[in-house]
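As written in TrEMBL, here are the features:
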type	residues	note
COILED	81-151	coiled coil
COMPBIAS	8-19	compositional bias 'Basic and acidic residues'
COMPBIAS	43-57	compositional bias 'Polar residues'
COMPBIAS	184-199	compositional bias 'Polar residues'
DOMAIN	60-149	domain 'GDP/GTP exchange factor Sec2 N-terminal'
REGION	1-57	region 'Disordered'
REGION	176-203	region 'Disordered'
Amino acid sequence: SQASFEEDSQKQPAVEHWKTLMPSKGSKEEPETGCQDAGGVDETQSTEQLNVSRLRSSSVEIREKGSEFLKEELCKAQKELKLKDKECERLSKVREQLEQELEELTASLFEEAHKMVREANTKQAASEKQLREARGKIDMLQAEVTALKTLVITSTPSSPNRELHPQLQSPSKAVFRKGHGRNKSTSSAMVSAASQNMTPEPVSRECKEVDSILFAEFQAWKESPTLDKSSSFLDRIYREDVGPCLDFTKQELSELVRAAVEQNTLTIEPVASQTLPMVKASAEECSGPKKCALSGLPRTCKHRIMLGDSANYYYISPSCRARITAVCNFFTYIRYIQQGLVRQDVELMYWEIMRLRREMSLAKLGFYPSEM
C-alpha cells in the first residue's frame, strides 16, 4: 500500500501538494504507522481534488464576472465622461459667444453715445454760429437800409445831395473822409464811395454816352438779377474788371481773397484797432506790418484782412486795400439790386455800375487816395 501511495503521488502532484499543505489527522498522530487503507486514501484524494477544482472554477468565474462587470462600468464611465466633456465644450463655446456679443454690444453702445454727443456738440456750435451770423447780418442790413433810405430821400437825379456826392462840390468845399468806413464787404457802397473819393475834381460836367451793348447786357441781367457768372453782364465784368483787380503776386492767397469777396466773408480792419489776439501763421502768410501779404513787397501796412472764420490775419498795403475795396463796393451794389433795395431808374443804376467799374480799373492801375 505504501508503494501504491507513492505511485499515486507521482501521478497526481497537485493532490500531493494539497496533502503536504493540509495533512490528515492520522498522518500527524501516527506518522510512523500509516494505518489507512488504499481505498480510503483514494476516496479522500478524489474528494479533495473535486473540492479544489470547484474552488478553482468558482474563483475563475468570479474573476471573469468581476472583470466583465468592471469593464462594463468602465465603458459606461468613459461614455458619461465623453458626454460631459462635450457638454462642457458646448457650454464653454456658448459662454465665449455671449461674452463676445456682450463686448460688441457695449462697444457699439459707447460708440453710438459718443457719436450722438459729437453730433449734438456740432449742431450746437453750428446753431450758435448761425445765430451770430444772423444777428450780424440783421445789424448790417438795418444800417444799409437806413443808408439807402437817406440816399433815396435826400438825393434825386434832379437835385442830388452834394454831401453824399462830394464830386459835385467845389474844390474849396469838398469834404473828404479818412479811413475805410467798413469792416465787412457788405457795407454800403454809397457811403464807402462817398468816403473814398480820390482827388478833388474841378467843377465840370462829364460827357457820357451809354454803350448799347453794355446797357443791353445790364438790362437783360436786371430782369432776373443773380450773382451767377453765367450771365453775359457779370461774365464781362469778371473778365475785364474783377479778375484783373484781384490778381496779385501771391496767387494762392489771391484766390482765397477772391472767394471771400464773392461769398461776402471778407473783413478789413485797421491795424491800430486790433482787439483780438493775432494767431501767428507762417511768415509768408501773415508777413508783418512792413510787408504786404498779397504783393510780397515791403510796404507800410495800415490794414489787415481776415478771410471767413479763419483766425489768420494778413497785412495788406494801401494799394491792395484800394483794389479789394473797389471790388467789394461793386459786389455790394449788385447785391442791393438783386435784393430789390435800389429804387432807381435803370439808366441811373447802369451809370452807378460804370462808376464802380471805373474805380476798379483805377485801383488796378495803382491809383488810390492818399488817406489809405
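Cβ atoms are placed via backbone N, Cα and C, with glycine included.
With DSSP classes pooled into helix, strand and coil, the tally for the compositional bias 'Polar residues' (43-57) is 15 helix, 0 strand, 0 coil. Predicted-model confidence for the coiled coil (81-151) is 89, expressed as mean pLDDT. Mapped onto DSSP helix, strand and coil, the domain 'GDP/GTP exchange factor Sec2 N-terminal' (60-149) counts 90 helix, 0 strand, 0 coil.
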